[in-house]
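Visitor: Input: one structure, supplied below.
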Amino acid sequence: MIGITKLISIWNAIWNFLLLPEIIISQTDTSSTGIYQMQSKVRSLVPVLTERSDYFSYYRVNLYRSSCPLWENDNAMCSNQGCAVKSLNEIEIPKVWKKLSDFEPHSKKNDTKCNWKYNPDLDYCYLDNSTSPDEYVYVSLVQNPERFTGYAGDHSAAIWRSIYEQNCFVVDDDDNPSEQPKSNALFRPNQIPLNLFTENHDDTSLSPSVACLEKRMFNRIISGFHASISTHVCQNYYDVEEQRWTQNLDWWRAKVGSFPDRIENIFFNYALLHQALVQIATQMKNITSDSSFTFCPTDKDVDWRTHTAFEQLVYHAYQDRHVINREQFFADEEAKRFKDSFRKHFRDISRIMDCVGCDKCRLWGKVQITGYGTALKLLLEPETQLSDLRPEEVVALVNTFDRISHSVEATFWFSLKAKTNDTLDAIKALIYKTYRSPSKEILAFFIDQTWYLFYALFFICNVPRVI
């Protein structure tokens, strides 16, 4: 007879097989399970802002800037209908955004009528500071969702290659970006970039000047940003043959799912943005009623509803406030020496977004890079206050958090489906190896019919970890 110990071992083996593997996220104090649980707490709060609030569901952006820092003549524009962005006319612009235009950082009225202030020295991205309203467009982020557009090929690859090459750091006090010639990338020709999507996490093979904590964080943010976008595209994929929007599991596995480091970096980016919201919550707790933070709308009722929804989001995030220890970054003198270089290179990525040939991709690229830049400003610049952020930065931060939240949720569902497919493929391979025709074909057919049964089994076993 089988002993109790043997039965327990068998049960543990079966149980471990049914569970999705837990990922310990380096440079954080959490895991994939912790991220799933944090996500479940704010899942219903984020859409209140990003879909129903005029303040957070709209965005003002210089979308059609003519200059591109990568190449002089850029005619590789996406002609697909899915690449187009629907902008707002003057009548459609929400009142809250019309009012915000009166409180630009360059406006003297900002000092007395609104508590928004602006310090460009702390920026981790280029913000649109033009005083000409003709250079901006207002867009509804709800009406222009991030999804598959068909924009791909050599031009898209060149954009990503240029972004990856920004992880070349040089500690040079005389390094002036304005004096660097405009070439095919915003880096010096003799700088050799690292491969952000390397499958080897062992930094011991790198020189000490390269294998520092901050450079790895830079790499992970860009890697997670790319993996998150790929996940959104796979989650909202247009099947040309069937003429419908669907999910593309095979493409997700090829782009993201087959690379554990990319999945981990999605979770890392969630942790980074979550910690930025915690930082905001910490500051809001210290704001007195006499100098309360407002969103500067014309309608006090709208202001109250927006403030309440935003406050609920950041305070729920505050419940899990020890996710990333921001004091670990730029802690020693060597790291502090290239902090300006770190900021400059991340800022250059926001300029690369002007070269994207797809309008909708450019829009969401600008929004999300601004969101990550805002998170870095809050976490890496201790003097940054909530009142130092521009409205576009706060909106970008919340919408980027919404995007990474969708990526985390989609990663869970894609992983369940991938595990179901792998299990059935393994069973069918065993059948084909054990039985002969026609028995093996018949058995394999019946196994295919159990897909939803296995999927439900994996779901039941794993869903308590994400609730």
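Each residue, glycine too, has its Cβ placed from N, Cα and C.
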Visitor: Among W160, W304, which residue does Swiss-Prot annotate as binding FAD at the site that also has R147, T149, S223, H226, K255?
Guide: W160
Visitor: Under Swiss-Prot's annotation, the disulfide partner of C68 is which of C355, C358, C361?
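Guide: Within the candidate set C355, C358, C361, Swiss-Prot assigns the bond with C68 to C355.
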Visitor: Please give the FAD site's span as the largest CA-CA distance among R147, T149, W160, S223, H226, K255, to the nearest whole angstrom.
Guide: 21
Visitor: Counting other Cβ atoms within 10 Å, pick out the least crowded of the recorded positions T149, S223, N286.
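Guide: Output over recorded positions T149, S223, N286: least Cβ neighbours within 10 Å is N286.
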Visitor: For the recorded positions C78, C358, which Cβ has the most other Cβ atoms within 10 Å, all shown protein chains included?
Guide: C358
Visitor: Cα-Cα, whole number of Å: N421 (N-linked glycosylation site) versus K255 (FAD binding site)?
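Guide: About 17 Å separate the Cα atoms of these two residues.
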